[in-house]
Amino acid sequence: MRNLFAVAVLTGIYSFLMASVMLVLDAPDVALTEASVGAGVGTVLLLGTLYLTKTDEARPIHSVALPLFVAVGTAAILIFGVTGTPPFGAADTPVQLAGPDYINRSLPETGIVNVVSSVLASYRGFDTLGETVVIFTAGIAILMLLKRATPPGAGRKD
């Protein structure tokens, strides 16, 4: 159990360091998201899970064949998928062509000077809304997990 606690703490520290790196790289929006979700919510979820789970573990009684088959099959599919991708950093890939278009059109179309903010707020507004919904849902899940039922008769005494 101590090792799992150390892993939870180190995961939070790593997320905080990554948020610091993103801040140094002038990406405060990514740093804020990483700090709140990674270092904040993620660490709280891990520590809450450790608190709510039992410390004893039953030995599983199953064969290793099925998990091994699934792992090898997944690896084969991933390797097959990677072979069809363009070379890393190639200038003619679709992802390289979209960046200059966003840079050239963001100020006239949105009126927002910061290109990152204009892309997140205007072009990827539904994606940002989805991320906000995920963070909200995680917060509600934490509140539901940590809610304690009061025992009968332990209510307020007047």
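Glycine is treated like the rest: Cβ placed from N, Cα and C.
In TrEMBL, annotation is done automatically, which means it is predicted and not curated.
What TrEMBL lists as domain 'MrpA C-terminal/MbhD' is 2-53. If you average pLDDT over the domain 'MrpA C-terminal/MbhD' (2-53) in this model, you get 85.
The domain 'MrpA C-terminal/MbhE' annotation in TrEMBL covers 99-152.
Taking Cβ pairs closer than 8 Å, the transmembrane segment (35-52) reaches residues 1, 4-5, 7-9, 11-16, 18-19, 135, 138-139, 141-142, 145-146 in its own chain, all 6 or more past its ends. Sequence annotations record features per position, and here TrEMBL assigns transmembrane segment to 35-52 (among others).
The transmembrane segment annotation in TrEMBL covers 64-82 (among others).
Residues or ranges marked as transmembrane segment in TrEMBL: 128-146 (among others).
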